[in-house]
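**Q** Below you will find the structure I want to go over with you.
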Amino acid sequence: MARQGCFGSYQVISLFTFAIGVNLCLGFTASRIKRAEWDEGPPTVLSDSPWTNTSGSCKGRCFELQEVGPPDCRCDNLCKSYSSCCHDFDELCLKTARGWECTKDRCGEVRNEENACHCSEDCLSRGDCCTNYQVVCKGESHWVDDDCEEIRVPECPAGFVRPPLIIFSVDGFRASYMKKGSKVMPNIEKLRSCGTHAPYMRPVYPTKTFPNLYTLATGLYPESHGIVGNSMYDPVFDATFHLRGREKFNHRWWGGQPLWITATKQGVRAGTFFWSVSIPHERRILTILQWLSLPDNERPSVYAFYSEQPDFSGHKYGPFGPEMTNPLREIDKTVGQLMDGLKQLKLHRCVNVIFVGDHGMEDVTCDRTEFLSNYLTNVDDITLVPGTLGRIRPKIPNNLKYDPKAIIANLTCKKPDQHFKPYMKQHLPKRLHYANNRRIEDLHLLVERRWHVARKPLDVYKKPSGKCFFQGDHGFDNKVNSMQTVFVGYGPTFKYRTKVPPFENIELYNVMCDLLGLKPAPNNGTHGSLNHLLRTNTFRPTLPEEVSRPNYPGIMYLQSDFDLGCTCDDKVEPKNKLEELNKRLHTKGSTEERHLLYGRPAVLYRTSYDILYHTDFESGYSEIFLMPLWTSYTISKQAEVSSIPEHLTNCVRPDVRVSPGFSQNCLAYKNDKQMSYGFLFPPYLSSSPEAKYDAFLVTNMVPMYPAFKRVWTYFQRVLVKKYASERNGVNVISGPIFDYNYNGLRDIEDEIKQYVEGSSIPVPTHYYSIITSCLDFTQPADKCDGPLSVSSFILPHRPDNDESCNSSEDESKWVEELMKMHTARVRDIEHLTGLDFYRKTSRSYSEILTLKTYLHTYESEI
């Protein structure tokens, strides 16, 4: 896994240029490799000055794949963005005469070099036909009118060493647009129905263009690749990156290794990735087709097309406006031109095509705006990155009077109809992976869908009529259904007529590398988790090696060796029962088969821990942390919730298998008035009165804030039983997480910052729980022979429940909603704990990786 930090060992290799509503968009050519840097020194901006010589010519050079350096002028796809084109670029390279299609009267025309594309008899041999030439002039069918066909092996012309990959990316394509079907988008619908598709693909947070396009290219979260927003401030650079500024041309902002650089480094040619908006879509398609016709030693293997639509129209009209139909038709028409062009070149059974979006679109207007001036008196002292999310920093850097915690307090639960929640960034849901970067402000506002946030009314721009400039926007929580986007894979390497579960866009970089036969650079994706998309797999994942093997202690200590300060053993009757209870701890029995349904979790770092068996649960107990790394138990549909006997209330039993020196002591909790304790296995779910004593062992105990204990107790007493009843039994694995540096990775001991007062008991930052059942609820969890279903949570361990504004009410009113907000992937938990789950199962490892990367969003169907 790639390090989830702003400054890792990534190589910053390219200059990313993209802007919405102006004349720039992302673009790279095969040789566009600039200085590799991720430095904090003086900026090295590509200024305008070297590109002043435009006296050369683009004759024979239009959309050349090699970037020409100064002082010569350029004719590549980005020369417009850099104002470096030769003087005749528009005249020679952007021809539009006679349009982009053949008509009957043009068939066999005399070649005219002024035409945008040709319908002459020699156009096929010269590779510059209009894409419908064969259809109109030779009687062939459009690609869309042909039946679906299963392409079992690539059918490529001689000289193609691998199937080329074309990435067709569309901005702001909400997943639900696909419901418009073949009446509006017949070509896209055919790609979907004949190839491999997901009901949606999840973008990364924030669901903005810059972060997501670069995530698609690198497989990294924004906190890892550094592009944390469409605009951002770097306190070390003391510089601001935004759409309309020159700073975005500076290499120092861009981390990671994008696909085209991975390709070039491994000897695979890459074509242009995105395009200046001044270049018409038709010209982009024709250029890609011409590149595909290049000689073998010049032809790239990977290409990309980028469309600014339907994002532009989605902002203007909203996702549900009737005006959205025409932009979608235009995109589909462009897809049809590409596929007809490929068929014309006899490449339609050779090329792999990915049709993919960067994010969705929501119905938003400026009439639904929360103003911070209604909550704060000093809004002029802060800088707010406004809109569908809020990032707050002091207007004056290093202002000693700036107090983010005070601002949080003034923004928390102040109104019953408040449409945002404030967070310190380290308290954001871990699934967002949006904290570990200095460009992410300490104070963050998660905004409710369909709403905006701004400092004050004067910051919101409206038309002179008072109406909004926009009707749609994006950027919200990436689990919200309106933010989901599209994924379709089509071609000889993708499966035929296959629907796959939703996945996150960090996974696509690895797939694209597999399609091109490349070794991926380090990234945040899980390589192999999308193997089920492909007909054949070039990469076969293997189980990670277990680093630390457990100890299996027996009864080694006497009851008298312990002084826990809270024992209740003196209340056990009869007295010889105490010995019997301890003997129970010596027996393994069948607990492993019952409670570790998918094998024992492996520890992937060096430590010492013990396997502790009990009738109702099993634990991996850490001698370092004085608590379990994990506790696993299986609850049947018929399980009953029982009460706790009075004599077991507020007491803990010693565990005679573990040294007193490696056990917690209740005296620590008596000294720390802010801390209480709870149990990883819930005593309420014990199968017998005798088994209940096991649940009160000190080795089942973990530190908990009293406020959090309300959440944990409700989860254990009510929700676990509810899930077991609904799903025909569940297996539950729970444990602590330590992530004080909020980098999304397991803390080492030196990084843990808080302990129960006067003790060596570390205080977790979070607790996790993994709940697994059979996908087919007719099968009980412990007898499942089919696919598995998983729901996972990473619950923040905090001294208050301020995140839930109704936490003063009964837990039934708010705890489950809080848990849904902190839903997570199993992979997130593995990175945060250093554990590896699901190691013993009949399912393939690729299937297990798919399960581990699944996120239960609790959203309605798209």
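Every residue gets a Cβ built from N, Cα and C, even glycine.
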**Q** So CYS107 is in a disulfide according to Swiss-Prot. Which of these is its partner: CYS79, CYS129, CYS130, CYS137?
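**A** Disulfide pairing in Swiss-Prot: CYS107 with CYS137.
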**Q** What does Swiss-Prot give as the disulfide partner of CYS119, choosing from CYS93, CYS102, CYS129, CYS148?
**A** CYS102
**Q** When Swiss-Prot marks a stretch as region 'Required for secretion', which of 59-80, 565-586, 829-850 is it?
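**A** That would be 829-850, the stretch labelled region 'Required for secretion' in Swiss-Prot.
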**Q** Record says ASP311, HIS315 bind Zn(2+) 2. Source is Swiss-Prot. Which of HIS444, HIS452, HIS474 does it list for that same site?
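**A** Looking at HIS444, HIS452, HIS474, the one Swiss-Prot places in the Zn(2+) 2 site next to ASP311, HIS315 is HIS474.
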**Q** Record says ASN230, ASP311, HIS474 bind 1-hexadecanoyl-sn-glycero-3-phosphate. Source is Swiss-Prot. Which of THR209, THR215, THR325, THR493 does it list for that same site?
**A** THR209
**Q** Look at the disulfide annotations in Swiss-Prot and name the partner of CYS366 from this list: CYS413, CYS468, CYS513.
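**A** In Swiss-Prot, CYS366 forms its disulfide bond with CYS468.
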**Q** Quick one: which of ASP171, ASP403, ASP417 does Swiss-Prot put in the Zn(2+) 1 site with THR209, ASP358, HIS359?
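**A** Matched candidate out of ASP171, ASP403, ASP417, per Swiss-Prot for Zn(2+) 1 with THR209, ASP358, HIS359: ASP171.
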**Q** For a quick check of packing: other C-beta atoms within 10 Å of the C-beta of ASP171 (Zn(2+) 1 binding site), how many?
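**A** Other Cβ atoms found within 10 Å: 24.
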**Q** Quick check on the glycosylation sites: of ASN524, ASN806, whose CB has the lowest count of neighbouring CB atoms inside 10 Å?
**A** ASN806
**Q** Measuring Cα to Cα, how many Å separate ASN524 (N-linked glycosylation site) from ASP358 (Zn(2+) 1 binding site)?
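**A** Distance between the two Cα atoms comes out at 17 Å.
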**Q** Could you state the CA-to-CA distance between THR209 (Zn(2+) 1 binding site) and ASN410 (N-linked glycosylation site) to the nearest Å?
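**A** If we compare the Cα positions of THR209 (Zn(2+) 1 binding site) and ASN410 (N-linked glycosylation site), the gap is 31 Å.
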**Q** Return only the integer: C-alpha distance in Å from ASP171 (Zn(2+) 1 binding site) to ASN806 (N-linked glycosylation site).
**A** 38
**Q** Please report the Cα separation of ASN806 (N-linked glycosylation site) and HIS359 (Zn(2+) 1 binding site) in Å, rounded to an integer.
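**A** Their Cα atoms are separated by 32 Å.
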**Q** Cβ neighbours within 10 Å, counted over all protein chains: which one of the recorded positions HIS359, LYS852 has the most?
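**A** Of the recorded positions HIS359, LYS852, the highest Cβ count within 10 Å belongs to HIS359.
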**Q** Among the recorded positions listed here (THR209, ASN410), identify the one with the smallest other-Cβ count within 10 Å.
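**A** Each of the recorded positions THR209, ASN410 was scored by Cβ atoms within 10 Å; lowest is ASN410.
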**Q** Cβ distance under 8 Å to ASP358 (Zn(2+) 1 binding site), same chain, sequence separation 6 or more: which residues?
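**A** Listed in sequence order, they are SER169, VAL170, ASP171, GLY172, PHE173, PRO203, THR209, ASN212, LEU213, LEU216, THR485, ASN505.
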**Q** Roughly how many angstrom lie between the C-alpha atoms of ASN410 (N-linked glycosylation site) and LYS852 (site 'Essential for catalytic activity')?
**A** 38
